[in-house]
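Listed in Swiss-Prot for this protein:
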TRANSIT   1-35  transit peptide
COMPBIAS  1-17  compositional bias 'Polar residues'
REGION    1-44  region 'Disordered'
TRANSIT   36-131  transit peptide
TOPO_DOM  132-143  topological domain 'Chloroplast intermembrane'
TOPO_DOM  153-160  topological domain 'Cytoplasmic'
TRANSMEM  161-169  transmembrane segment
TOPO_DOM  170-225  topological domain 'Chloroplast intermembrane'
TRANSMEM  226-234  transmembrane segment
TOPO_DOM  235-247  topological domain 'Cytoplasmic'
TRANSMEM  248-254  transmembrane segment
TOPO_DOM  255-357  topological domain 'Chloroplast intermembrane'
TOPO_DOM  366-410  topological domain 'Cytoplasmic'
TRANSMEM  411-418  transmembrane segment
TOPO_DOM  419-427  topological domain 'Chloroplast intermembrane'
TRANSMEM  428-436  transmembrane segment
TOPO_DOM  437-442  topological domain 'Cytoplasmic'
TRANSMEM  443-452  transmembrane segment
TOPO_DOM  453-464  topological domain 'Chloroplast intermembrane'
TRANSMEM  465-473  transmembrane segment
TOPO_DOM  474-500  topological domain 'Cytoplasmic'
TRANSMEM  501-509  transmembrane segment
TOPO_DOM  510-553  topological domain 'Chloroplast intermembrane'
TRANSMEM  554-561  transmembrane segment
TOPO_DOM  562-569  topological domain 'Cytoplasmic'
TOPO_DOM  578-684  topological domain 'Chloroplast intermembrane'
TRANSMEM  685-693  transmembrane segment
TOPO_DOM  694-705  topological domain 'Cytoplasmic'
TRANSMEM  706-714  transmembrane segment
TOPO_DOM  715-776  topological domain 'Chloroplast intermembrane'
TRANSMEM  777-783  transmembrane segment
TOPO_DOM  784-797  topological domain 'Cytoplasmic'
TOPO_DOM  806-809  topological domain 'Chloroplast intermembrane'
Amino acid sequence: MRTSVIPNRLTPTLTTHPSRRRNDHITTRTSSLKCHLSPSSGDNNDSFNSSLLKTISTTVAVSSAAASAFFLTGSLHSPFPNFSGLNAAAGGGAGGGGGGSSSSGGGGGGWFNGDEGSFWSRILSPARAIADEPKSEDWDSHELPADITVLLGRLSGFKKYKISDILFFDRNKKSKVETQDSFLDMVSLKPGGVYTKAQLQKELESLATCGMFEKVDMEGKTNADGSLGLTISFAESMWERADRFRCINVGLMGQSKPVEMDPDMSEKEKIEFFRRQEREYKRRISSARPCLLPTSVHEEIKDMLAEQGRVSARLLQKIRDRVQSWYHEEGYACAQVVNFGNLNTREVVCEVVEGDITKLSIQYLDKLGNVVEGNTEGPVVQRELPKQLLPGHTFNIEAGKQALRNINSLALFSNIEVNPRPDEMNEGSIIVEIKLKELEQKSAEVSTEWSIVPGRGGRPTLASLQPGGTITFEHRNLQGLNRSLTGSVTTSNFLNPQDDLAFKMEYAHPYLDGVDNPRNRTLRVSCFNSRKLSPVFTGGPGVDEVPSIWVDRAGVKANITENFSRQSKFTYGLVMEEIITRDESNHICSNGQRVLPNGAISADGPPTTLSGTGIDRMAFLQANITRDNTRFVNGTIVGSRNMFQVDQGLGVGSNFPFFNRHQLTVTKFLQLMSVEEGAGKSPPPVLVLHGHYGGCVGDLPSYDAFTLGGPYSVRGYNMGEIGAARNILELAAEIRIPIKGTHVYAFAEHGTDLGSSKDVKGNPTVVYRRMGQGSSYGAGMKLGLVRAEYAVDHNSGTGAVFFRFGERF
């Protein structure tokens with residue numbers, strides 16, 4: 001299965017028509033909203049499958065009262081981070097602008113761009129080049145003496161000039177601009193580029209009208225090789241000192257239409273025009289919603305204003321970067337600063353489009369990617385979405401990740417995409433698209449395994465090869481409501497399956513209270529048959545092999561699982577089963593067997609069933625509650641996992657069994673040091689602390705006794721080698737140290753029967769000479785799915801190497 005949040009870059013650019021300037025005041029026409037989807041290659045294997053990468057490019061329309069705004073346009077590349085089978089990505093936008101200032105407009109002052117030449121578009125898109133830049137690398141020599149200054153107007157209109165370098169000179173500071181200054185990125189001319197006089201003049205005009213500068217000039221200096229060095233000298237625009245800062249969300253506000261000023265207006269009419277613009281802007285921002293920016297960032301920006309003095313272009317750029325960095329760090333990947341207003345009024349108003357969600361769209365795709373009618377009911381998917389992803393909320397990348405995890409947990413889809421895109425009907429807002437590819441409803445699977453049984457003389461023959469395995473079938477998503485019917489059949493010998501045939505058939509019915517009910521309960525009904533080797537009848541150290549006892553269980557089970565949260569669930573139900581104990585010859589046996597000193601086998605061992613006949617039937621209630629707060633840090637699990645289970649006999653069945661069997665398991669995964677999280681980063685060392693208690697009050701058949709020893713109990717011992725008891729306690733500690741690609745670990749464990757072995761019928765612990773308690777220690781290494789470890793048990797004082805599948809905890 002592949003699930004992904006499509007990595008999007010929401011790349012907004014403001015496109016305006018040529019502006020007109022009168023008395024340092026600029027008017028622009030509104031821009032249009034366009035969204036373009038284009039794929040970009042990307043591949044991420046952070047312990048999960050590769051994800052499909054896409055890019056969203058969008059033009060965000062923003063406009064305000066023309067005389068009192070500072071427009072920001074541009075692009076910010078901030079992709080969603082990927083993770084483990086559930087890749088989440090998003091992009092953010094940035095702002096830019098241009099404009100001018102007005103001394104007669106009161107609250108006026110702003111930057112606007114003309115002819116797509118805004119300063120912020122340039123500074124945020126450094127790879128941009130002049131549209132009609134010639135592709136040819138041929139260029140002409142200036143044919144002038146070296147080291148002389150040439151004004152732009154003195155260049156020939158018929159030549160193509162090579163620009164060797166570009167220098168920015170700040171007239172206010174009377175110094176060259178440092179290489180790290182963002183002003184160097186705003187010009188579209190590039191060192192080594194070839195340009196005509198018309199292109200250079202167009203660049204100068206674009207810089208002069210962007211509102212960034214009070215004055216800007218361009219001149220060249222001749223080089224001996226025929227190329228030109230370009231110097232751009234400028235005086236930065238400045239506004240009045242400000243001591244107040246306000247941030248507003250304009251994402252869902254209707255964009256105002258700017259009114260062009262008549263160039264033939266009298267001075268009195270111009271003043272009145274500016275005042276109307278100011279009143280309109282104040283009315284507009286008074287109805288705006290406050291942005292999500294916290295008070296701490298507000299205070300930080302106020303300190304920036306106090307330290308700076310007069311408001312400058314560089315200061316507004318720093319404010320924009322600080323505001324947007326907070327949004328993107330908090331996961332609001334579609335948020336962007338689009339406007340600064342109220343300049344020259346001692347208050348800077350920052351307008352932000354935060355990415356308000358106006359619509360949720362769920363689409364089902366076929367194998368070719370075409371939109372089709374899905375089998376899954378819409379509410380099944382919708383109930384898995386966090387509320388932060390619903391209309392009326394602000395899009396957040398973490399909500400997108402959570403949606404992926406939740407939808408993936410349904411196990412109904414082969415591919416999942418969460419894709420935020422601009423809403424063309426509501427400027428500045430977001431539509432969340434969820435695209436799903438459904439799995440086939442019916443599936444069947446066969447897994448095989450071969451075993452070799454020694455023949456005569458101990459040598460295997462071709463006839464001794466036994467083909468075994470499991471056949472599984474599933475019909476999922478019945479009626480589109482995620483109901484399923486699954487079945488499996490397992491045997492170690494398909495040629496003679498009656499010896500150990502095991503099966504399970506289960507029907508799952510989620511949303512027991514209705515798909516629209518927030519209560520999350522699932523009903524499961526199953527019938528089963530299984531056979532397992534009983535660890536109760538196992539010899540202790542130095543005891544010859546004890547004849548095996550097999551326990552067959554067949555019955556039905558019905559339970560309800562209620563998920564309180566993603567971390568906590570409660571399961572309760574009824575179990576009715578028949579238990580039959582058999583010896584190695586597959587005969588029903590009522591007692592365990594033991595080897596006598598003369599080598600003979602005696603059948604007078606501990607009783608195997610409660611009834612004494614080898615066959616028990618019983619019914620009991622079962623309930624367990626689990627709380628799992630674990631998570632992965634660079635592939636290593638940390639957190640805690642706790643489980644409590646109770647089985648309550650009802651007095652129904654053989655000998656009217658009435659009992660209470662209970663278990664408590666507590667496991668802590670303690671992170672020993674902080675590490676940087678991300679793909680390819682090293683995992684932290686972890687200390688694992690584990691405790692398990694089991695106890696029983698009332699009737700206790702031997703097959704339900706608690707056993708000690710084995711790969712999932714006390715390591716270093718065989719299954720049940722320490723003892724079988726009515727009450728047990730296990731304690732374990734393990735420290736995991738990461739190494740390249742895996743981890744090594746050391747452990748120590750102890751298990752005790754708390755003196756309760758004698759309370760089990762027939763006392764199998766004493767009969768088979770087991771100690772009733774034991775400790776072990778050792779070390780190991782994780783090799784893929786295999787644990788390779790060396791363990792020493794204290795009861796015998798010997799050690800051995802073990803290879804185990806799966807995890808101990």
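The count begins at 1 with the first shown residue.
The backbone N, Cα and C atoms fix where each Cβ goes, and this holds for glycine too.
The transmembrane segment (248-254) and the transmembrane segment (428-436) are in contact, since at least 3 Cβ pairs between them lie under 8 Å (pairs 6 or more apart in sequence). Between the transmembrane segment (428-436) and the stretches 161-169, 411-418, 443-452, 501-509, 706-714, the greatest number of Cβ pairs separated by less than 8 Å involves 411-418. Long-range contacts of the topological domain 'Chloroplast intermembrane' (806-809) within the same chain, counting only residues at least 6 positions beyond its ends with a Cβ under 8 Å from a Cβ of the stretch, are 641, 667, 669, 688, 690, 711-712, 715, 732, 734, 747, 785, 787. For the topological domain 'Cytoplasmic' (562-569), the list of distant contacts is 406, 519-522, 625-629: same-chain residues at least six beyond its ends, Cβ to Cβ under 8 Å. Remark: the transmembrane segment (443-452) makes no contact with the transmembrane segment (161-169), by the rule of 3 or more CB pairs under 8 A. Residue counts for the topological domain 'Chloroplast intermembrane' (170-225) under DSSP, helix first, then strand, then coil, are 17 helix, 16 strand, 23 coil. Within its own chain, the topological domain 'Cytoplasmic' (474-500) is flanked in space by residues 374-377, 380, 410-412, 438-439, 441-444, 449, 451, 466-468, 506-511, 515, 531, 586, which lie at least six positions past its ends and keep a Cβ under 8 Å from the stretch. Residue counts for the topological domain 'Cytoplasmic' (235-247) under DSSP, split into helix (H, G, I), strand (E, B) and coil, are 0 helix, 10 strand, 3 coil. If one looks beyond the topological domain 'Cytoplasmic' (153-160) by at least 6 residues along the same chain, the residues whose Cβ comes under 8 Å of a Cβ in the stretch are 134, 136, 138-140, 142, 194-198, 200, 220. Summarised by DSSP class, the composition of the topological domain 'Cytoplasmic' (784-797) is 0 helix, 8 strand, 6 coil.
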